[in-house]
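> Sharing a structure, written as structure tokens. Questions coming.
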């Protein structure tokens, strides 16, 4: 059998044996100081003291001779004695410390010792084998070592055992912490604070989880990730990270510039289809976008004793003179937050106030929440009977399909359009203008209306939005309202060419904060040229990212609709989006 083994960097079972044998060999080798009659420390102290004392005496005498112009070769009896004492002490010290060094060069270990070491290393390499037991790592430590079977010759490489990377064995200190977590003495969420090492905390938490559940996490990577970067910002109590492949669609020609669009997805055909749409747009002269609106929203809900008092606050907020004062209060929360509007609606004695503001290059939910809190504190001076029920009353509306977002917009409202040449429709998209226009009307418009869709008048906008969001560090949950889209297709130029557009009223994106600061997501933003905050024009990077999302959606809509019109959808998905793996193997 083809045995593949890795040298362990940890102390294995064979290392103590080797250490004992080497120690035994060293004990048999005679030392130069073994036969000294006096204790070593006594003789060493005497000769060290003699050596430095004589050196000091001679230097002092020679300095006096130089001052008095006495020849140096004229020596007194005391100086002659000092020279002999210096030579004697130097010979002793050289002999004592030099013989051990010479012995280490001359008296090498015998070949028998090295042969024994090689034999131990060979046994150690056999013991280091892949741990394929279906038990947690901690339980595996308590299990006896398996019997080593004799090697078996196999004729096929497919019969070789699969090599699985194992997690390094925990130290005694880590073992105590793991047991403390399992016993409930140490909260799992406090490991980062107590240890001061985020990677070590994740490793200990992971091992404790495996022992607690009895399930292996061998397929979930642990190493290769900066856990310090997510502390207190992106994720709590991490035990690893999930790998999602990132593909590139493009170049997307948008507003005269080319963009390579990163898409993180596990759906086959998605990147390829979007890439085909980008090609069709590029060959037709590119696409063009318009930013219609920019403003994130937050809508707190407050309650009064009567509906009349709720209406009084509504009228107060809608008064232009009062709005200027509220704007000053709101804008104090951040140098980027700028209040735009406050729209109110009443439900009985409850009032919902929908604040809308710009937030620079950040998506802005935290920023607007601070500004809203400032305004609520200010309003309670004039309306002390106002009871703040919640800073979010779902009139925002965040991460939920809502008509208010579809009509009023939330985040960035963008429309993107392109005119596709008839020749490109036929040669690249493999269909014709008439078929696309008819399919779009019956599917995206009539079909969605029959389904009672809210913002879903499109083929698959959420596919592209989700893929770009994950790749660039956006909030994937905000794909709900960010994917609101209506796709329009009309014949132009006497029916020869196709005008296609997507209108997306609530794209919620940012280029700073949240997941955008992670290394992988930051690299994807850098690829698009929108990494971080724009120092020249605040918010321009986030607005550009929103237009890129809309442009990618336009390409994806164009390609999928063409595949449907040409009857290619099933064939392409069977070719690129079908798994051939055996899914019947049980998971431990």
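Using the three backbone atoms N, Cα and C, a Cβ is placed for every residue, glycine included.
Straight out of Swiss-Prot:
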REGION    1-32  region 'Disordered'
TRANSMEM  38-58  transmembrane segment
TRANSMEM  82-102  transmembrane segment
ACT_SITE  267  active site, charge relay system
CARBOHYD  331  N-linked glycosylation site
ACT_SITE  399  active site, charge relay system
CARBOHYD  444  N-linked glycosylation site
ACT_SITE  475  active site, charge relay system
TRANSMEM  544-564  transmembrane segment
ACT_SITE  573  active site, proton donor
CARBOHYD  577  N-linked glycosylation site
CARBOHYD  582  N-linked glycosylation site
> Spatially, and counting Cα to Cα, which of the recorded positions is closest to residue 267 (active site, charge relay system)? Options: 331, 399, 444, 475.
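For residue 267 (active site, charge relay system), the spatially nearest of the recorded positions is 475.
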> Quick test of the contact rule: Cβ under 8 Å, at least six residues beyond the ends. What residues does that give for the transmembrane segment (544-564)?
249, 252, 254-255, 259, 261, 263, 270, 273-278, 280-281, 287, 289, 291, 411-412, 414-418, 420, 425, 429-431, 436, 439-440, 443-444, 458-461, 463-465, 468, 472, 482, 485, 487, 489, 500-502, 504, 507, 509-511, 525, 528-530, 572
> Across all chains shown, how many C-beta atoms besides its own are within 10 angstroms of the C-beta of residue 331 (N-linked glycosylation site)?
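Excluding its own Cβ, the number within 10 Å is 16.
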> Do you know which of the recorded positions 399, 444, 475 has the most other C-beta atoms within 10 angstroms of its C-beta?
444
> Nearest by CA distance to residue 475 (active site, charge relay system): which of the recorded positions is it, out of 331, 399, 444?
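Considering only the listed recorded positions, the nearest one is 399.
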> Where residue 444 (N-linked glycosylation site) and residue 331 (N-linked glycosylation site) are concerned, what is their Cα separation in Å, rounded?
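If we compare the Cα positions of residue 444 (N-linked glycosylation site) and residue 331 (N-linked glycosylation site), the gap is 41 Å.
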> In angstrom units, rounded to an integer, how far apart are the Cα atoms of residue 331 (N-linked glycosylation site) and residue 399 (active site, charge relay system)?
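Their Cα atoms are separated by 25 Å.
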> What count of other C-beta atoms do you get within 10 angstroms of the C-beta of residue 267 (active site, charge relay system), across all chains shown?
15
